[in-house]
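Below is one structure, written out as structure tokens, with a few remarks after it.
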Amino acid sequence: MANSATSRILALGLALLCAAGLAAAQNVGNILLRGQELLHSSAFLNAANSYPGFAHGGSDVQNKREIAAFFAHVTHETGHLCYISEINKSDSYCDPNNKQWPCVPGKKYYGRGPLQISWNYNYGPAGKAIGFDGLGNPDRVAQDPVISFKTALWFWMNNVHGVLPQGFGATIRVINGALECNGKNPAIVNARVGYYKDYCKQFGVDPGSNLTC
């Protein structure tokens with residue numbers, strides 16, 4: 001898919017996500033809505049430019065499916081961009097056994113950003129790759145729109161992109177398979193699949209097979 005075509009699909013996905021986010025915001029009362037700041041297309045495209053392999057290099061169908069899969073997971077993880085940080089912040093998500101990326105005292109590594117990146121072993125390498133102190137200042141993922149999207153795309157390209165040929169179900173397994181796959185939470189799996197199908201429909205592409213995990 002040409003760059004201009006990719007940009008059009010990305011713009012459409014952002015527009016759909018924005019519309020859904022605004023509708024959802026009306027239903028959550030006085031929730032502090034960070035979604036609109038995060039949604040700036042310039043921030044997303046800035047981040048996407050740092051990952052040229054995202055939605056490029058495959059066929060038109062494959063590229064559209066990747067964009068649909070990414071936005072489907074963003075939609076689910078953030079509640080249509082209403083929650084840029086995890087609602088339950090009580091867990092520190094610190095793995096003390098990980099010596100390569102040690103937790104900083106007093107910092108919590110709960111979910112933040114479009115894909116709700118979690119754990120010190122993700123914040124550390126993401127920060128190193130992107131250029132911010134992921135371990136010492138994890139809140140930047142919820143505060144800076146460009147870093148927020150870059151962090152999501154860093155996780156995507158390093159963990160999810162490679163399994164896309166296996167079907168959407170494989171992306172669920174990578175993102176939260178331990179809690180959702182193999183019958184552990186079929187309702188959430190079906191919700192993710194529903195979002196994916198909706199985006200594929202809007203993009204005019206068949207969603208493919210192997211949609212669940």
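Just so you know, glycine gets a Cβ as well, placed from its N, Cα and C.
Taking the Cβ of Glu77 (active site, proton donor) as centre and 10 Å as the limit, one finds 21 other Cβ atoms among all the protein chains shown. Marked as active site, proton donor by TrEMBL: Glu77.
Sequence annotations record features per position, and here TrEMBL assigns disulfide bond to Cys94-Cys103 (among others). Its own atom aside, the Cβ of Cys94 (disulfide bond) has 21 Cβ atoms within 10 angstroms in the protein chains shown.
According to TrEMBL, the disulfide bond annotation covers Cys181-Cys213 (among others). Around Cys213 (disulfide bond), the same-chain residues six or more apart in sequence whose CB sits under 8 Å from its CB are Gly169, Ala170, Ile172, Arg173, Gly177, Glu180, Cys181, Asn182, Val189, listed in sequence order.
For the domain 'Glycoside hydrolase family 19 catalytic' (147-157), the mean pLDDT of the prediction comes to 95. Under the heading domain 'Glycoside hydrolase family 19 catalytic', TrEMBL lists 147-157.
If you look up TrEMBL, you'll see 1-25 marked as signal peptide.
DSSP assignment over the domain 'Glycoside hydrolase family 19 catalytic' (147-157) gives 11 helix, 0 strand, 0 coil.
Counting only same-chain residues 6+ beyond the ends of the domain 'Glycoside hydrolase family 19 catalytic' (147-157), those with a CB under 8 A from a CB of the stretch are 38, 43-44, 46-48, 50-51, 53-54, 70, 74, 84, 112-115, 117, 122, 126, 129-130, 132, 134, 140-141. Between the CA atoms of Glu77 (active site, proton donor) and Cys94 (disulfide bond) there is a gap of 20 Å. A C-beta separation below 8 Å, combined with a sequence spacing of at least six in one chain, links Cys103 (disulfide bond) to Ser92, Cys94, Asp95, Pro96, Tyr109, Asn120, Leu135.
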